[in-house]
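Copied over from TrEMBL, here are the features:
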- 63-84: transmembrane segment (TRANSMEM)
- 112-133: transmembrane segment (TRANSMEM)
- 224-247: transmembrane segment (TRANSMEM)
- 259-281: transmembrane segment (TRANSMEM)
- 327-344: transmembrane segment (TRANSMEM)
- 396-418: transmembrane segment (TRANSMEM)
- 424-447: transmembrane segment (TRANSMEM)
- 459-483: transmembrane segment (TRANSMEM)
- 489-510: transmembrane segment (TRANSMEM)
- 646-704: domain 'CBS' (DOMAIN)
Amino acid sequence: MFHVGSRSTVDLEEEITPEEVKSILLRFVFQSLDYDNSENQLFLEEERRMSHMGFRCLEIRRWVICGLIGFLTGLIACLIDIAVEELAGYKYSAVKQNIEKFTEFGGLSISLILWAALNSAFVMVGAIAVAFFEPIAAGSGIPQIKCYLNGVKIPCVVRLKTLAIKVFGVICSVAGGLAVGKEGPMIHSGAVVAAGVSQGRSTSLKKDFKIFEYFRRDTEKRDFVSAGAAAGVSAAFGAPVGGVLFSLEEGASFWNQMLTWRIFFASMISTFTLNFFLSIYHGKPGELSSPGLINFGRFDSDVSSVSISFSYSDAYIHRPCLQVMEAMLVAAVTATVAFAMIYFSNDCQPLGQDSTEEYPLQLFCADGEYNSMATAFFNTPERSVRSLFHNPPGSYNPLTLGVFTLVYFVLAVWTYGLTVSAGVFIPSLLIGAAWGRLFGILLSTITSSQSIWADPGKYALIGAAAQLGGIVRMTLSLTVIMVEATGNVTYGFPIMLVLMTAKIVGDYFIEGLYDIHIKLQSVPFLHWDAPPTSHWLTAREVMSSPVTCFNRVERVGRIVDVLSNTSTNHNGFPVVPGKICGLILRSQLIVLLKHKVFVERASSRLSQRRLQLKDFRDAYPRFPPIQSIHVSQDERECMMDLNEFMNPTPYTVPQETSLPRVFKLFRALGLRHLVVVDDENRVVGLVTRKDLARYHLGKDGLEELQLAQT
């Protein structure tokens, strides 16, 4: 149990026991985003000056930005797809020729060494880029984007450098033969594109195009990041509607009707752009039917015709060089295991005239036959999934599928913890497709009549949906994604049925993968509702106090001292001449200090132009640290008038308000600060994200988490 009202902290640099580590699930390093507009005098004056036509123009710009997001996300998806196809094609062609050569003359160990060396080389390059240049690019990026849309500021998550490393890293990871996919990084890439395009500038390149300046605030940026994430899903699966539902179900915490249509527009543009350029690349500019990076092929309803970047290792391996070596080791082991599985497999299938095998390996099979195990291992994961979905009955024997499922599951679990850019969607689909097809084969084997059962490829589709749904706990959006990717609505009901079952069973034992990932990162993530047993707690017991407040006209020296205090690092300050009359943010005060907005300068000949909202937007989002602003000793004695810049109508609650009510208000409005007042409207405390996130429902009831200082 815990002491109500006391917020315990722990310094992670001190020696602590493993039991204490488990209780440190929130960290001060994560700050909140300002999803609530500061309606100060500058903001209200700008809004009142804007005509009806001006607001119409802003809405048109939002649509233009969403179109640009979709177009650029589609281009990036096309680049990833072409690069992976070319590199993987070169690798598998070289290894295939080597295997065919040494199968006849002996010395297959050389082929194994070549395969392992090529895998390790690709993965080494990608891991170096991630480990040494941008560690936030590791993993899929979906948990980080989910946190961003929830209102948590994850450092470097939507920067241009992160995008470049993410794209380069996922190309190397997939081409390197790891048990990974490219769909998660595509979602992250779309979000980064949206965050950059919507601001009309690049802070990394220090280039300002002087456009879209109105949207330089967290509220607007959040909506565009939602559109970017949806465009990434659409580009990965060719599922525009699924992209919208994914952003709604798994990502966005705030939604409105107009946002739905803009996100759908971005998703459609993303899919069309990808299909257009891929059709040109494949020499078929008139065909725009390729459904995204992950083409499941089209399932016909006729049964007889089928036409088709917290990593777990971070807790143990901290040095970048060791992380790179671990990734290379996994790549080499993956190639070795795959080679051994193919070598010892005697599952030989006839190679027909209409065979769709990309790299068929004969190995020890008879002429005119190919090794079926090689179809699953000697391929990119996307092609392996398609073969399990669409190869005719009899293409795999049960032993091949059973062994492949177990081995690939172990490899996927090991690979997920690496410091590489990688997604978990495709490995999950591949594992589920393998045991799903195995289930279909066994059904027809144990019964006397085979005609009553569907094609094994149909069971592979259902198994893939169940496996992925059990891992990520998506229901409605994943159903639509699978339906759009297969091109047949017939399978909508069984897919939804298995996804609901997978979610119910999975939630009984443990949270979904993304929620576990967020918890391991100690992120103060706010779920939809407060813990069920928290009604007996009030705002007075969960708030932070005492609160640092400023007067309407405050001395510059005190402001500088408060902002420079590293032990508190507050970001919001109530303005109180007794009773609360406003709230001002750290970022606003820094801009005021930077521009020397002092009362003495305003009343003298040294007065500068009147500060505008543009000055605050130009400093967004990387506001300078207080240490970089020089304030002389004379200036410290000056006064600063906060009336024009503070938010005069901050949200407040009485100190007797219950925790669920505080939580609902804070969560629904996307607040960063919620002021707690007494009966006379005097400030008694401040509720922030960490004050609410530290309460959760544990095994012994309501528990309070400790806060780490680093």
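Cβ from N, Cα, C; glycine included.
Fair warning: this is a prediction, and the values are worked out from it, not measured in the lab.
In this chain, the transmembrane segment (489-510) does not touch the transmembrane segment (327-344); fewer than three CB pairs sit within less than 8 A of each other, excluding pairs fewer than 6 residues apart. Sorting each residue of the domain 'CBS' (646-704) by its DSSP state yields 16 helix, 22 strand, 21 coil. Counting residues 6+ beyond its ends, the transmembrane segment (112-133) has Cβ neighbours under 8 Å at 87, 91, 94-95, 98, 161, 165, 168-173, 175-178, 320-321, 323-324, 327-328, 330-332, 334-336, 338-339, 418-421 in the same chain. Of the Cβ pairs linking the transmembrane segment (259-281) with the transmembrane segment (489-510) and spaced 6 or more residues apart, fewer than 3 are under 8 Å, so the two regions do not touch. Under 8 Å from some Cβ of the transmembrane segment (459-483) lie the Cβ atoms of residues 233, 237, 239, 241-243, 245-246, 248-250, 296, 299, 385, 388-389, 424-425, 428-437, 439-440, 443, 489, 491-492, 494-496, 498-503, 505-507, 511-515, all in the same chain and six or more residues away from its ends.
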